[in-house]
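Asks: I have a structure I would like to understand better, so I am pasting it below and will then ask my questions one at a time.
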Amino acid sequence: MVKLFCAIVGAAGSAFPVDIDAGQSAGDLKDAIKAKNPATITCDAKDLQLSLAKTADGAWLPDDDQAALDLEDGKVHEDIQALIDGEKMKATWTIEDVLTANNMTKRKGRAPKSRQIHVLVVVPEGAFGSASETSKMDQLVEKVDKMYEQTVLGKRKYVHSEVTSTQGRQLLNDLDIRVEFVRTVPFDAGEGSSVDPYEWKRVIIENGEEVVLTEEQQRKRYRRYVEHNIGAVLKEKQLCVIGVERGTNILTVKVPGREIELAGRTDLLILSDLVAMRPTEVQYLPGVKMLIEVKRDVKASNDFQALSELIALDLLVDDPVMALLTDLKGEWIFFWVAEKINSSARIHKAAINKPGEAFEVIRALLVQPPTAPADTDTTEIKLPCFQSPVKRLKLRKALPPIGEGGDNGGIRESIERYYDIASMLGPDIEMARAVARQVTRSIPTFSYFS
């Protein structure tokens, strides 16, 4: 029998214990969690998402860690967000399978103990029960707050790891950016260096099943793989490869002149080796050349995460940069800000299928001079696998002029009136509902149902 301390993300309250046999499945654990929280969880148990609560070094999350304390208050710490954005527990795996695959066993000295958080529980939106009318009102007021930011203030926030295809297209539309695919040319036979694809490590768990470890479990290994294949250039140009997938949201920036904020981080950065000597200097992104977003399986929707990260990094630094989305095997997708045509900024995208060719491109990119000539906005560089010179432009010089915001008429007035009343008398749940209904009716897709 294993005692696991579980915490519901976004719901204030202490962690609660669940006793479960190691041979039972994660699906059984979902049933047990729901049974313990009938007033809090109103969805089917199968709809819960479970993640292990681990620290950056792979240990269990201590209950006095700031991330755990925030959980008690119903807040979502950035470390918790990174965990729930990552690997989920598969319902078909036994608890023993999960613990073994993550090196969280007695044999490894990491068996679950007291004074730790072990499982993070994510409940689908709208499936939280409510112990009081106050909590209902808090949730509704929070939604109106978000409506106020977007409708009256025109604010939008995009979190890189959470950007969906719809949100990604909205971001590109907000900034008038178009993405264009650029053809590449493979090397002729015998040209370039041959590099083996990265081998995603597998482990054999107790029942004999072979399991591929997740990106999170292999970060050090794939960082060393990248370093090994560009080591000579790193040394020559005094650069290094560092992992920034945990900790501070280093790629957080507000788009100049617009109420748009991009937030989050990426997996790897290639930048000045000063960071290797003084890790705290990473916050200034010295000499950064490119970011690398690693996915075990690259999907079309992952483009938008890479694009969001590229836009943020480009706005944060003075020199042109590139983004790479890759599975380190047969998908190496490069993105960069290329030019401005009419009023639209153009981000170019190119795909390479062989690791050897991709690393030739990376090495050629890293030896480029750091700054553009003073007398021109656009630079051109020659890279392997590209037929034509690669154009590069800073996004700040490509963004369209800031236009006047539209008039939302009654919606603005209603939300502003709500805030005026709430500031004097406190939140009013019925008025909040009315404002929410009005905003919903103003959205074409929902107007048919209101």
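Using the three backbone atoms N, Cα and C, a Cβ is placed for every residue, glycine included.
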Asks: Looking at 118-124, 307-313, 321-327, 419-425, I want to know which stretch Swiss-Prot calls motif 'HVLVXXP motif'.
Replies: 118-124
Asks: In Swiss-Prot, one of 162-168, 218-224 is tagged motif 'Nuclear localization signal (NLS)'. Which stretch would that be?
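Replies: The range carrying the motif 'Nuclear localization signal (NLS)' annotation in Swiss-Prot is 218-224.
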Asks: Could you tally the C-beta atoms, other than its own, that fall within 10 angstroms of the C-beta of Asn103 (N-linked glycosylation site)?
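Replies: Total other Cβ atoms inside 10 Å, all chains included: 16.
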Asks: Which bits of the chain, at least 6 residues beyond where the motif 'Nuclear localization signal (NLS)' (218-224) starts or stops, bring a Cβ under 8 A of a Cβ in it?
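Replies: Hits for the motif 'Nuclear localization signal (NLS)' (218-224): 198, 200-201, 241-243, 245, 267-268, 294, 328.
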Asks: If you draw a 10 Å sphere around the Cβ of Asn342 (N-linked glycosylation site), how many other Cβ atoms fall inside it, taking every protein chain shown into account?
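Replies: Within a 10 Å radius of the Cβ of Asn342 (N-linked glycosylation site) lie 7 other Cβ atoms.
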Asks: C-alpha of Asn103 (N-linked glycosylation site) to C-alpha of Asn342 (N-linked glycosylation site): distance in Å?
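Replies: On Cα coordinates alone, these residues lie 55 Å apart.
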Asks: Can you work out the mean pLDDT of the predicted model over the region 'LQLFLAK domain' (18-55)?
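Replies: Taking every residue in the region 'LQLFLAK domain' (18-55) and averaging pLDDT yields 94.
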Asks: Tell me, by DSSP, whether Asn103 (N-linked glycosylation site) is helix, strand or coil?
Replies: coil
